[in-house]
Every structure is written in structure tokens, then in C-alpha cells.
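Colleague: Below you will find the structure I want to go over with you.
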Amino acid sequence: MAVIESSQDIVQSQSPWREAARAFRQSWAGMLGIFILILVILFTFVGPFFYPVDPFEIIWAPLTPPGATERAPLGTDYLGRDILAGLIHGGPATLYVGLVAGIITITIGILVGAFAGFYRGMVDEFLMRITEFFQVLPALLFAMVLVTLFTPTIYVVSLAIGIVSWPTTARLTRAEFLRIRNLEYVNAARSIGAKNRRIIWRVILPNALAPLIVAATLTVGIAILFEAGLSFLGLGDPNMFSWGLMIGAGREYILDGWWVVTLPGFMIFLTVLGFSLVGDGLNDAFNPKLRER
Amino acid sequence: MSENTLLEVQDLKVHFGGKKLFRKAQIVHAVDGVSFSVPKGQTLGIVGESGSGKTTTALAVLRLVPITAGTIRIGDVEISSLEKEDLREARRKVQMVFQDPYSSLDPRRRVGDIVREPLDLMNIGEEEDRDQMVHDLFVQVGLRPELASLFPHQFSGGQRQRIGLARALATKPELIVCDEPVSALDVAVQAQILNLMRKLQEDLGLTYLFISHDLGVVQHLCDHVAVMYLGQIVEQADRISLFSNPQHPYTKALLAAVPKARPRDGTEKRVPLTGDPPSPINLPTGCRFAGRCPVAIEKCHSIAPALKDRGNGHLASCHLLD
Amino acid sequence: MAAILSIKDLVVDFKTRAGNARVLNEISLELESGEILGIVGESGCGKSMTALSIMGLVPSPPGKITNGSISLDGEDLVQASTARMRQVRGGIISMIFQEPMTSLNPVFRVGDQIAECVLLHEDISKADAWARAVEMLTKVGIPEPEIRARAYPHELSGGMRQRVMIAMALSCRPRILIADEPTTALDVTVQAQIFDLLNDLQRETGTAIIMITHDMGAIAELADRVAVMYAGHIIESGKTEDILTNPQHPYTRGLIACVPHLEENPTEDRPYLSEIKGVVPSLTELGKGCAFAPRCPYKTPICEEERPHIEAVDKTHSVACYNVKYVVAV
Ligand SMILES: Nc1ncnc2c1ncn2[C@@H]1O[C@H](COP(=O)(O)OP(=O)(O)OP(=O)(O)O)[C@@H](O)[C@H]1O
Ligand SMILES: Nc1ncnc2c1ncn2[C@@H]1O[C@H](COP(=O)(O)OP(=O)(O)OP(=O)(O)O)[C@@H](O)[C@H]1O
Ligand code: SF4
Ligand code: SF4
Ligand SMILES: [Mg+2]
Ligand SMILES: [Mg+2]
């Protein structure tokens, strides 16, 4: 801890966030995660300029293995569509679902958790009963119902995933709020005339944010897997190319051509790994015990 | 209420718990009928063991815990019946300094902002003068104003407590409630803070409600002392009378238990209290101290003694004094 | 009396982000059998680290004993093997900590924890170990020891838990007991009970006790001799009476003078407390001179040049200060 010991030395001010950023840069896992994510993003967003092939177009014989022809370097799927093009064009949709579902999860989770933890009593009881209701629902089933009720567009899929996965975040937020609301600086804020709204959003939330950010990165990974699961069951958006869709569509041909599902699977694996490594790094960065010296 | 009384608390009760859906209601009688008053510009010390309700009393004075019964008056405002905006407005007159210098400052804000916040929230002074006011507050508590842009974790415990004092002084309060403000500090730092508090009191005419379990500190700082046991005041008197002529058996035991920083001579006989304080959930009938009292009589276990004046305003509650 | 534990020129370094921190700087101490030695000083001065060094528990990395010896009856514990240290800990030297809740395992009955400790060091049957546990609980003044032995730590109050810790520490009849701020977390009335208990046990068993505290009052109450620490150094040591009534180091004087002592007959006259100005220096930024120099009112030029060594001013009293004579004369 950098305590100002003597009054002679002018010390530069170090915001806790900046210290966390410094710690993150020193975290091996976090930096590797960032590196992986950058690779994935470059691959899917810059890839189309170098490899302008339509992933829906049939270009070669079905189930051509990787390396068999120059037209499809990573082979073709059961319709004869280019796998490499699929991998490149499937990225944005997958990342979109991950991020949007992640944001929905975090938003609902924080709102519910914050109010429950801050107001306690009846508000808490009520919100926690709702949270429990969502938690005991079989998530995948519920998402399937939502998606089949509406047309399975990418928005509906993101929303469905977000709606089924917020309870964990809500519980985490609530626990943090319950802890922090008893710290003396919250009472201090109240005694200098701060209103509840200010205490919730400006005093408690910033201090509760560290574990929530870690949870958020993990949520994105989970959402991506969820989307893959839905697509695998044929409940993804059929008009958007995603890695999940590739796996879902190719699942019957896994014995005839391992590459049809393995390659998009590998991309999902990389992305999820990237997000969880970043989550790990953030955890290190925010954990003052590890950061101390 | 006399002319120069600043804080008057009457029959204050704070009970926690109750109303449980599936569990048996367990009511914690944290503060159970406490009355005291503090004259303007003076200091009332509250002493007592852990769990006796000192912090709860302090929080109640600022309306930071729900009050079960009783009235609290600061100046001519009855703060115990105020709500919302009026309460916010009234809080300007009373501020608090907390025990833990590590958890009483928001770790994510610069200390300058922490001290400035009450000025902004309470709309004190002109916007453009506030930086200067923060500067002056820092000087007042003995911190270099250049340090305002740092974060709490960059300060030592004593410095943080100075920041806490600066924040409390920002609204120009008349009453400052101090909940064990020096308990977490080293003795050398404690002396600095105690001197600072005295100096501020002299300069600004502050009134303190000072909570502590350290009798030496209380004797040094306070003009009046109240001794709490299990949510009630068992003895209350001015400083000299209480320490030189303690009346209640609990006060006597408390004073005897304090280690004296001079060599043992082997002649002193100390009868330490046995056992621990009972819980404020299942209160004993009769005198609350009866279970540990070395001189208890039969009556003590059935009838609660009343807090009565034993001469010159020295209050104590014990059957043996009746 | 012979010294059973003697520490010589012990140096402990910690690697930190801000540089090397010399947490203990050429500490020398002697503990005689059957005495109570107090170690006082402000937070961070190295009291706990002294205790951990003796127990062979310096967290490493980042810490390391870089010099000196700790000899127990002539055996150097710094050089001792891990296996040997395990025997020493609990068997010959045992320790109790400040926070009794965190030092007891919450999922086991306290009786089992004491018995376990006995079984670790002695070759006796389980039943005998349990009997010893109950006996120890009786000794530390716990009412209904047979019943309380079956309790879990959270079912006991803070004072009770500290008694259990003491019972556990003494269960193998150690020759040295180190108590690191054993009463800081307790109320005064309970603290007084623990002091009396330690005093009685010490007289009864002859165990030597190292009592670590920041409270001069606790020292006066218990200790035969005192060592005062400042920023990793021992700056004064001697008989309790001498240190309290005739302190010679400027820091010790300041430390004693700044505490508001409880008077039996207070008067209206209340002078301000005397203060030690400034703050404790950071261990990574100690200069080559006396560690107390930046705060010392008696400082002379040599103080900032070279660190004073601790030297005897009489048979039992040692001080690390160049200007003792001047300080005492003032
Ligand atoms: N929010 C709460 N809910 C339930 N019980 C509470 C609450 N706050 C305090 N208590 C209980 O009320 C009693 C009095 O607590 P309080 O904190 O006022 O004691 P204290 O005298 O300040 O003690 P200490 O010296 O340990 O700070 C205790 O038994 C405590 O457990
Ligand atoms: N893991 C560590 N890394 C670096 N420095 C450490 C570590 N543990 C302790 N220290 C430093 O060692 C010094 C001595 O610590 P020690 O715990 O012995 O102090 P103490 O005198 O027992 O204080 P207290 O009264 O607070 O218990 C302190 O300045 C502390 O900052
Ligand atoms: S009333 Fe009885 S039990 Fe209570 S303090 Fe007096 S003598 Fe003791
Ligand atoms: S050596 Fe010098 S600086 Fe150090 S304590 Fe003595 S007089 Fe003060
Ligand atoms: Mg308290
Ligand atoms: Mg320590």
C-alpha cells in the first residue's frame, strides 16, 4: 500500500481503477485473453476483406475435407458451402449474441440485485422470490419456449438468453450491496445528506462493480455457448450465419466430416476461452490481496 | 430543557428484528430507554462494553437507524419526528466521525471530493468558493491541501481520521457524534487526533457526543460521562464525580479492570468481573447486571433498580444505593 | 537465571514493490526461563514479525531471514529443519493470536482441537488426549469444561475463545508461550480476566511468556521486562519498572507521555496530551541514521549519519540513542 509517510514527498495520485488497470497489464491470463480476443475479432471483422466468399453460396462438392481443394481451404459442409467463409462470417453474429445477452443479463441483474440489497425487507423478499423463480426454471427449456413463441431472429435469441441468465448476477449484486451498505462510508454519505438514489448508484455500485465486471465477462462466454446450444437444436436465427448455426446444421454429418462441427466448435472455444481469461485477469486486478505488493 | 442544552435525548429505544415470516421473532433490545443531554460546547462521553448499545445510540442521534421510541432534540429541532427533506436539512447541524478509518471513506473517490461532497449536497457556499473551503478544511485538520487529489488508500489511519473530521466539519455542524474515533489508531496517533479534536472544540465551539470503551481517553476528553450496560445507562455524572466517586458496581468493576500504566506493587487487589455480558435478546428480569454483580442481593434478580439522582446530579441505578 | 531463548542480530527483509523493506533490523533479545517479556511498539514496527521469526513462520517469499540466529537452549532455530521446527512449534514454543475467532477451526469441537494438538506432539491415547483437553479447559477457568469441550468455536464468546486458545497453546506444556496481542479484541473486563489467567498459569507452570502488545498498561500489568520497538529496531529494553518510571529513549518517553492515563482522582486541570510529531517512517525509506531522527526533538548531526547501537546504560537497561545523557537530564 502506498501510504504517504512523510509530508515531504508529493505523491502522484493513483486512482483505484488505474491501479487495477496496471495490475491487469501484469496479469498473464488477462493479457493472453485480450490477445486471443483481438485475434478472433480481426479474423471475423477484417477477414471478409481478404476472403470475400459468400458463406451461403455452394462452391464445391459437399463434405470436401480441408486441404483437398484450393477453392475451400478448410473444406466444405454438407451442402458444399465454404467452411472458412462460414467461420469468418459466423463471428459477428456469435459475438453479437454474446455481448447483447451479456449486457441484458448484467443490466437486469444489477437492477434487481441493487434494489433488493439496498432496500431489503419486503422489496428484497419480493425480488428474491422472482429471482428464485427464474433460477429454478430449466434455462434451456425456457429459452426454447421463448424462441419458438416468437420468430427466432438474432434479437429474440439474445433477449431469451439474457432473460434466463440474470439471476446469478442479481444474487451477486445483492450480496455485494448487503455487505457494502453496512460499511461506514455509506452511513457517512447519508449523514451528509445524500439521497437514496445517489447512495445506490454513486456510492455503493462503484464499489460493488469489481466482482460484477468479472461476472460479466464470464456471462458473455456462457451466452455464446448458449447460442450454440440453441442453434444446435435448430432454434437459432436461420438467416444469420453463426458458429452455433454451423454446428447445428452440420451435427448429422459429424461422422462423415469431422471438420464440419469441429472447426466452428474450435472458434467458440477460442472466444469463450478469451473471455474467461480476461475475466481471470480482471479478478486478479480487482483482488486487493493479490494486488497489494 | 435548559438554555444552553444542545442535544437532548429522552427515553430513546432502538429495537432490532421482529416480524420474521418463519422464524421466531427475536428482538434485540440494543438501546432500551436512554436519556441524556449535552450542553453546548461540552463533551458527553458514553462508555460501556461491546454490545452495550453505544454505536446504536450514536446512529440513532443522526437518525441512521430506525428509532423505536423516544425523542431526540438538537437545539430547538425535534429531529426524531422529521422526515425526508426536513431531515436532510437538519442533518447539517450534526455530523459523525466513525470508528474505522479504513471503511468510513469511499475508496473510489479522491479525498478532496469526499470533503467537498457535503458542501455540494447541502448547497453550502457559492460553487466557486467551495474549492477554497475544502482547502481551508484541510488546513484546519492539519493536512496539506495538496493531498486533496489522492485516494484514501494512500493515507495512514491517522490521516484518514483527519479527513473524516474535515468531512464532518464541512457543513459547520454544532454537534459531532464520534463513535470510537481513536480506537483503531496507535497511541501516538491517537494523541494527535485527541489534541486536534480538543483544539477544534475550543476554536469552533463544537459539542461532542464521544463514544469510547477506553476510560483513559474518556476521562481526558469528556466533561460528562454516561456508563452503558445492556442498552441502558447505569450511571451518569460529571467527569470528576464519576471517576473519583463511582457509585454503581459495574462502573467500579470497569474502572478496576483498566490496566494502570505503572508498575505493579502487588498490593492492589482487583476483583475482576466474571463471565461475559448477557445477550440483549433475552434480557434478565430485575437488574440487568445482576448475573455478574459481585454484590447482588436477592431483590436484584426480580426488581429493576431505577436511575436516580444520588446528589449533585450524579445519577446511578442500583438497589444498594437506595 | 539462564536464557532459554536468545535472539542475536536477527535481520528479516521483505521484498516489496517499493523496494526492500528491512522489517527487523539487527534485533537482539534474551528470554529467561520463567519470565514474562513484553514487546511494545506501534503498528508495523515488527512485533508480530519477531514472533513469527521465532516460530519459523516468516512468510517466504516475500520475506526472508537474512542474518542472525535464534537459539533455543543452544540450538539455532534459523538453521533447523522443517521437521524439527514442526516439533518445536506447539511442543516447545506455542503461540496465541489477536483474533481468537480466526485462529480456531470453526468446523471442529474445541475439545477435539485441543486433543488433536496433544496427539500431534505426544504419544498418548485418544481418550487421554481428550481428558487432557478437558483438564486444560478447567485450568483456564472455563465453567463446565466437559460440556464446553463439545462446543464449536462460534458457540463461545470472544473471551471464552481466547481461553480455549490459551488452553490449546499450553496443552503440550511448552516452555515458551508467545502471546501476540491476546486481548486487543476483548473488552476491558474480559481482558483483566485473561491477564489474571496468564499471570496465574505462568506462576504455576513456570512457562516463559513473550507478551506482544501496543498497550503500556498491559505491559505494566504483566511483564517483568520490556523491549520497545520502533521501525524494526529494538530501541530500549530493561526492567518494566525502569522503563515505565525512567524511560531513556526519546521515543519511549514520547510513547509513555502521550497516553491519557486513567486517574483515580482527576482534577479540573487538563493539559493537552504530549504528542510525538510526525508519522512512523516507511521501512523502505529508512535513511542510514537513527530511525527516529526525523521526529526526534533531541536530534544532533550524528543522529542522521549513523545508526546508534543499543548499549547498556546499567546492568539491566539498554538504550539505542546517542544523546541518552542529555535526554535524561532534560
Ligand atoms: N442492525 C442490527 N440488527 C440487529 N442487531 C443489531 C444491529 N445493530 C446492532 N445490533 C445489536 O445491538 C446491540 C448493540 O450494538 P452496538 O453496535 O450499539 O454496540 P456497541 O456498544 O457499539 O458495541 P461495540 O463496542 O462492539 O461497538 C448488539 O447486541 C448488536 O449485536
Ligand atoms: N507480506 C508482507 N510483505 C511485505 N511487508 C510485510 C508483509 N507482512 C508484514 N510486512 C511488514 O512488516 C512490518 C512489520 O509487521 P508486523 O506484523 O511485525 O507489525 P506489528 O508490529 O505486529 O504491527 P501490529 O501492531 O499492526 O500487529 C510492517 O511494516 C509490515 O508492513
Ligand atoms: S441493583 Fe443489585 S445487581 Fe444491580 S448493580 Fe445494584 S447490587 Fe448489583
Ligand atoms: S539517536 Fe539521536 S535521533 Fe535517535 S533518538 Fe537519540 S537523539 Fe533522537
Ligand atoms: Mg460500536
Ligand atoms: Mg502484529
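Note that Cβ sites are derived from N, Cα and C of the backbone, with glycine treated the same way.
Grabbed the feature section from TrEMBL, which reads as follows:
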type     : residues  : note
TRANSMEM : A:28-51   : transmembrane segment
DOMAIN   : A:91-279  : domain 'ABC transmembrane type-1'
TRANSMEM : A:95-119  : transmembrane segment
TRANSMEM : A:140-164 : transmembrane segment
TRANSMEM : A:212-236 : transmembrane segment
TRANSMEM : A:257-278 : transmembrane segment
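On this model, are these features tucked inside or out on the surface, and what's nearby?
Modeller: Through the fold, the transmembrane segment (A:28-51) approaches residues 84-85, 87-92, 95, 267, 270-271, 273-282, 284-285 of its own chain, all at least 6 residues removed from its boundaries and within a Cβ separation under 8 Å.
Same-chain residues lying 6 or more positions outside the transmembrane segment (A:95-119) and placing a CB less than 8 Å from one of its CB atoms are 40-41, 44, 127-128, 130-131, 154-155, 157-159, 161-163, 165-178, 181, 196, 199-200, 204-205, 212, 215-216, 219-221, 223-224, 226-227, 242, 271, 275.
Long-range neighbours of the transmembrane segment (A:140-164) within the same chain, counting only residues 6 or more positions beyond its ends whose Cβ lies under 8 Å from a Cβ of the stretch, are 93, 96-97, 100-105, 108, 134, 223, 226-227, 229-230, 233, 235-240, 242.
For the transmembrane segment (A:212-236), the residues of the chain that approach it from at least six positions outside its boundaries are 94-95, 97-99, 101-102, 105-106, 109-110, 139-140, 143-144, 147-148, 152, 157-158, 160-162, 165, 168-169, 172-173, 176, 242-245, 247-248, 251, 268, 271-272, 275-276, 278-279, 282-283, 286, judged by C-beta separation under 8 angstroms.
Within its own chain, the transmembrane segment (A:257-278) has Cβ neighbours under 8 Å at 29-30, 32-34, 36-37, 39-40, 63, 65-66, 74-75, 77-78, 83, 86-87, 90-91, 94-95, 98, 217-218, 220-221, 224-225, 228, 243-244, 246-247, 250-251, counting only residues six or more beyond its boundaries.
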